[in-house]
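Peer 1: After the structure tokens below, expect a handful of questions from me.
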Amino acid sequence: MNLKSKDLLGLRDISAEEIEYILNTAKTMKCIVTSNNKKTAHLQGKSIITLFYENSTRTRLSFELASKYMGASAANISASSSSVQKGETLIDTGKTIDSMGSDIIIMRHPMSGAPHLLAKNVKSSVINAGDGMNEHPTQALLDMFTILEKKGTLKGLKVAIIGDILHSRVARSNIWGLTKMGAEVNVAGPATLIPPEIEKIGVNVFSTVQEAMLDADVVMGLRIQLERQKKGLFPTIREYSRFFGVDDKRLKLAKEDAIVLHPGPVNRGVELSSSVTDGEQSFIDEQVTNGVAVRMALLYLLTRRGIVNEVTD
């Protein structure tokens with residue numbers, strides 16, 4: 001099997017079969033990540049560029065480690081220190097990187113659709129590392145991989161996503177991916193943080209966290225997106241925590257063996273209490289490990305796809 005596109009721009013337009021293919025490949029990569037010898041030569045001779053127009057710690061470092069573990073040459077470009085500051089356009093930046101022989105460009109941008117624009121104008125494969133409020137596909141893939149590891153399947157599971165759904169690209173990618181894989185998705189948050197007509201993409205919307213979490217197999221907290229919000233969407237952080245924060249008492253509404261996830265960074269005492277964040281049902285640290293494995297899988301599959309096309313075309 002091969003990925004159909006040269007790019008990974010989102011989970012909205014990817015098939016369930018492709019998602020399964022990526023997750024199965026990530027299982028092999030997880031063995032490398034957790035071994036004493038993390039070096040392989042799968043991507044030797046390949047050039048991976050991270051192009052980030054927004055700050056990032058987890059995602060950027062995860063991709064850089066994934067590249068190095070696979071034997072690729074990796075370079076990071078920050079918008080603050082690039083020719084963007086001199087007025088260079090996104091397309092011109094992409095073409096410059098392309099001309100230097102890059103194989104994959106990993107891009108984060110504050111504007112929704114920016115990775116799609118880049119992908120149309122470069123020969124390199126483009127991976128969306130988060131675009132505005134649109135999608136964050138690799139985060140959703142690592143979330144699904146973590147669930148699959150702990151539950152053995154995605155089909156038929158009830159997943160409760162709690163928090164700022166409106167501004168969350170993580171929520172959107174998870175909704176697209178989880179529903180395609182047969183999971184039932186519940187969402188809850190302040191009415192001002194729930195997108196209008198979100199039910200049309202296959203989720204159940206609840207006004208209370210208690211309803212959304214009842215008998216859930218997975219509870220996913222979302223970070224309050226303060227940097228993306230206009231004022232007045234909810235009274236105070238304290239009020240948000242009171243009505244929508246997940247603590248030990250509320251977690252008991254979920255199934256006894258429910259797992260807790262969060263894309264990070266966690267605002268302790270807001271989305272999740274410290275006891276839930278550090279508790280036995282929390283697999284937040286495992287998500288970080290799995291992020292490297294999933295991104296290794298993507299780098300491998302996208303570069304492999306190019307090699308296959310060169311041979312067969």
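The backbone N, Cα and C atoms fix where each Cβ goes, and this holds for glycine too.
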Peer 1: Given Swiss-Prot annotates Arg58, Thr59, His136, Gln139, Gly264, Pro265 as carbamoyl phosphate-binding, which of Arg108, Arg238, Arg304 belongs to that site as well?
Peer 2: Arg108
Peer 1: By a 10 A CB contact count over all chains shown, which of the binding-site residues listed here is most packed: Thr59, Gln139?
Peer 2: Gln139
Peer 1: Quick check for the class: what is the C-alpha distance, in angstrom and rounded, between Arg169 (L-aspartate binding site) and His136 (carbamoyl phosphate binding site)?
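Peer 2: That separation, Cα to Cα, works out to 5 Å.
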Peer 1: Suppose the carbamoyl phosphate site is Arg58, Thr59, Arg108, His136, Gln139, Gly264, Pro265. Which further residues of the same chain have a Cβ inside 8 angstroms of that site's Cβ centroid?
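Peer 2: So the extra residues in range turn out to be Ser56, Thr57, Ala129, Gly130, Val170, Pro263.
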Peer 1: Judged by the number of other CB atoms within 10 angstroms, which among Arg58, Arg169 is the least packed of the binding-site residues?
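Peer 2: So among Arg58, Arg169, the binding-site residues given, the one with the fewest Cβ atoms within 10 Å is Arg58.
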Peer 1: Here are the binding-site residues: Gly264, Pro265. Which has the lowest count of other Cβ atoms within 10 Å?
Peer 2: Pro265
Peer 1: Distance check, please: Cα of Arg223 (L-aspartate binding site) against Cα of Gly264 (carbamoyl phosphate binding site), rounded to an integer number of angstrom.
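Peer 2: A Cα-Cα distance of 7 Å.
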